[in-house]
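Asker: Pasting in a structure now, in structure tokens, and then I'll have a few things to ask.
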Amino acid sequence: MNALAATSRNFRQAARLLGLDSKLEKSLLIPFREIKVECTIPKDDGTLASFVGFRVQHDNARGPMKGGIRYHPEVDPDEVNALAQLMTWKTAVAAVPYGGAKGGIGCSPGDLSRSELERLTRVFTQKIHDLIGTHTDIPAPDMGTNSQTMAWIFDEYSKFHGHSPAVVTGKPIDLGGSLGRDAATGRGVMYATEALLAEYGKSISGSTFVIQGFGNVGSWAAQLIHEKGGKVIALGDVSGTIRNKAGIDVPALMKHRNEGGQLKDFHGAEVMDSSELLVHECDVLLPCALGGVLNKDNAPDVKAKFIIEAANHPTDPEADEILTKKGVVVLPDIYANAGGVIVSYFEWVQNIQGFMWEEEKVNMELHKYMNSAFQHIKAMCKSQDCSLRMGAFTLGVNRVARATILRGWEA
């Protein structure tokens, strides 16, 4: 099941649990706006290249729309639509005053030079500058983009609208980015893990962890879990999959990777078959990479007691049903990886105020938001007698539905 079908399915289940009016339910699913633009740029060799860019703005009932921009050859309108919708519910679960959006350009960023990427970003911004804005739609980095991409968007947008640092988040610190933003999603995952384990009388310290993905989210989650006394016994990414039942020395692995080394060449662990990673025995499994990695084929063999969805849509609905029957507790992506958008909200607030926070304050506020969201999800699970995934979805959908009704959606 693709991401759009799975997200819509979860939404409809939540709408039924909440008893939403059928017209309101349909209205909440329909995107506010879908944008498709052609971006033609001169390449470094003088030839012209054309790329297709997308921006889906899903909902703005609770505030300006918010969501990443990804550069990837397989940027697909359906996937962008699903992720925009997911952002609507995620921002509501996190209780930040945003709606949902998502965007991207169909390109291979690794095949483009820095100057070509800059030209492409600026042309894309020129095409959508009148549709985004500090109080309209606030992009952020995603797959294939980074703080430099956001700096180019901020600069190009400001040529049309004046100095506007709050138009994007995930910027470099020197241009108004927030301290703590780089680690935010991984730190949020760690806070979410702490909250869930505490419900079962457990803690990160003494628990064993398997992490799939060692990019920004996976590497920060691994470091923070290691600092808390958790034992990371296996992890993997495209450069290799490794394990050490005594626990991987995460700081040593980070040093190895930062010096250009690949996981498979790390001396502090043994190489293992990548197909065994998701079904490796552990207390907690953290999928931190791509969507759809847990499916009906491998779900029956999962040995983890808890799954923390640090990636977007890592668990197919069929796998979800199998895992539930097995008694595996799944903490859904809509909450577990919300740390990034929460600290993006903090960055936006700082930019609007023109007053920057210390990193300690950022992390303290993130902890507060993650804990509060978990308590509200638990309360919804209790009142609706449902899973954590449905608890999170009903919480998010209910908040958006209430805001929509209060604003007079039928007027």
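A Cβ is built for glycine as well, from the same backbone N, Cα and C atoms used for every other residue.
Just so you know, TrEMBL annotations never went through curation; they're auto-generated.
Copied straight from TrEMBL:
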ACT_SITE  Lys102  active site, proton donor
BINDING   Lys66, Lys90, Ser344  substrate binding site
BINDING   Thr185, Asn216  NAD(+) binding site
SITE      Asp142  site 'Important for catalysis'
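Can you walk me through where each of these features ends up in the structure?
Answerer: Here the Cβ of Lys102 (active site, proton donor) has 30 other Cβ atoms within 10 Å, regardless of which shown protein chain they belong to.
Cβ contacts within 10 Å of Ser344 (substrate binding site), excluding its own Cβ and spanning all protein chains shown: 28.
Cβ environment of Thr185 (NAD(+) binding site): Asn216, Val217, Trp220, Ala310, Asn337, Gly339, Gly340 lie under 8 Å away, each six or more residues apart in the same chain.
A 10 Å cutoff on Cβ-Cβ distances gives Asp142 (site 'Important for catalysis') a total of 22 other Cβ atoms nearby, all chains included.
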Asker: May I ask which residues of the same chain, at least 6 positions away in sequence, place their Cβ under 8 angstroms from the Cβ of Lys90 (substrate binding site)?
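Answerer: Lys90 (substrate binding site) has long-range Cβ partners Gly100, Asp333, Ile334, Tyr335, Ala338, Val341, Gly396.
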Asker: Quick one: pull the CA-CA distance for Ser344 (substrate binding site) versus Lys102 (active site, proton donor), whole Å only.
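Answerer: Here the two Cα atoms lie 14 Å apart.
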